[in-house]
Ligand SMILES: Nc1nc2c(c(=O)[nH]1)N[C@H]1C(S)=C(S)[C@@H](COP(=O)(O)O)O[C@H]1N2
Ligand SMILES: [Mo]
C-alpha cells in the first residue's frame, strides 16, 4: 500500500476511525473514578495489615512518609476487609478492558514527533511514561498476584505499594490536565443529542488539526472506513468488563454466586474438595506441617506474657471456656468465604492466663511452620480484646482439618486472611 505511511510517527499511519476525543474521554472518565477507588481501597488494604504495629507485619519498612495515613484497623463490621479487598480486586479486574481500550485510543500520541517541543512538553511526556508504565505495572502485578503463582522478582507488596504511588502521582497530574476537557467533550456530545452512531466521515472540508496536542489530533487524518460505530466499540469494551466482573465477583460473595466465579483460582463454589467445607489457601503439606508436629502428645501451645510462660496441651485448651464466633476468611487475593462457625478459646482469656486481667495488649503469633511469609503475624490490642477473636480449635462443628490449621488457628474479625495464622505454636502477649 503505497499511500500507507510506514512509520508510526506519521499521523497517517493510524487509520482507525474510532479514535477521537469522545471515545477517549468516556474511557478516561470511567478510569478517573475507577482508579481513584482502586488507589483508596489499595491503601486501605495495606493499613489492614497493621504494618505500623510490628516489623513482621511491615512489608515496606522503607516507606517513610508514604505511611502517613496508616491507622489502627478496626474489628468491625466483620465483613470489612471482605468488602474493601473484594472491591479492590473485582474492580481492578473489571477495569482491564477499559484500561487497554484507553491506551489503544491514545497510542498515536506515544509516537508524536518531535519527542519534546519544550521543557513543559518534555515533562508532560515523561509523566505520560510514568502513567502508562505505572498503570500497566500495577494492573499486571495485581492480576498475577490474584491469578497465578506470583512470578515477579521480589515481594508483591513493596512492588505493588510503591508502584501505586508512582502511578497515582502521574495519574493525578494527568487527570488535572485532561479531566476538564474530557468532561466538556462528553457534555457537548450529550447536549448535541444522541451519541454519534457512526464515526465522523473523513470530511474533506475539515483539515487535520495542526496542533498535535489538540484533542482532535486523536482523530485520524486519513481514517479507514468504519467497521463498527464508536458506540459499538464502547459497548464491546463494556461487555468485556461486564463479563470479567460477572466471572470474578462471585469469589467474594456467598451462596449461588460463588458458582459464577469461573476466573477465580480460589474462592469458588468448589472448595477444592476441602475439608470443613470452605476454601483452603496454603495446605499443611505446602507449609511442611506433618501429623508428627501436631499430634496431641507432642503439640503444646506456648503462651508468654507479663507473668511468665505457660504451656498448654490441646486438652488444657479444651478445659478453658469455649466460645463461638461467625467470621469469614477474606484473602488479599480478593476471594473470601461466607461466615464460618468457629469455636475455641478467646484470645483475651489466653492473655489473662499470663497476667493481663483487664485490657489485653498486642500479641505476636507464631506458627509451627518454619518457612514462608505468613507464618507469623502481630495483632493489635483492639484485635486481641475483641470477644470474637479466637484461637479456634473447631470450625463448623468439626475439629479443624490439617489444611485449615489443626490443632489451633487464629481467627480475628474484619482482618485480612494473613492475620489468621494457622498451626499456631506460640503466642507472646505484650505491647509491640
Ligand atoms: N501458618 C500460616 N498461616 C496462614 C497462612 C500461611 O501461609 N501459613 N496463610 C494465610 C492466608 S494468606 C489466608 S488467606 C488464610 C487462609 O485460611 P484457609 O486456608 O483456612 O482458608 O490463612 C492464613 N494463615
Ligand atoms: Mo490470604
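Just so you know, glycine gets a Cβ as well, placed from its N, Cα and C.
Keep in mind it's a predicted model, so treat the numbers as computed, not measured.
Residues or ranges marked as domain 'Oxidoreductase molybdopterin-binding' by TrEMBL: 291-429.
Taken from TrEMBL, the feature region 'Disordered' covers 194-231.
Residues annotated as transmembrane segment in TrEMBL: 20-44 (among others).
Among the features that TrEMBL reports, transmembrane segment is placed at 65-83 (among others).
TrEMBL lists 89-107 (among others) with the feature transmembrane segment.
Annotated transmembrane segment per TrEMBL: 128-148 (among others), in sequence order.
Residues or ranges marked as transmembrane segment in TrEMBL: 160-181 (among others).
Note on the transmembrane segment (232-253): residues 18, 23, 26-27, 82, 85-86, 89-90, 93-98, 101, 259-264, 266-269, 330, 334-336 of its chain, located 6 or more positions outside it, place their CB under 8 angstroms from a CB of the stretch. The transmembrane segment feature in TrEMBL is assigned to 232-253 (among others).
Per DSSP, the secondary structure of the domain 'Oxidoreductase molybdopterin-binding' (291-429) breaks down as 31 helix, 50 strand, 58 coil.
Looking at 65-83, 89-107, 128-148, the range that has the most CB pairs within less than 8 A of the transmembrane segment (20-44) turns out to be 89-107. With a threshold of 8 Å between CB atoms, the same-chain residues lying at least 6 positions outside the transmembrane segment (65-83) that come near it are 43, 45-52, 161-162, 165, 252, 326-328, 330, 336, 339, 380, 382-383, 386, 388-389, 412-416.
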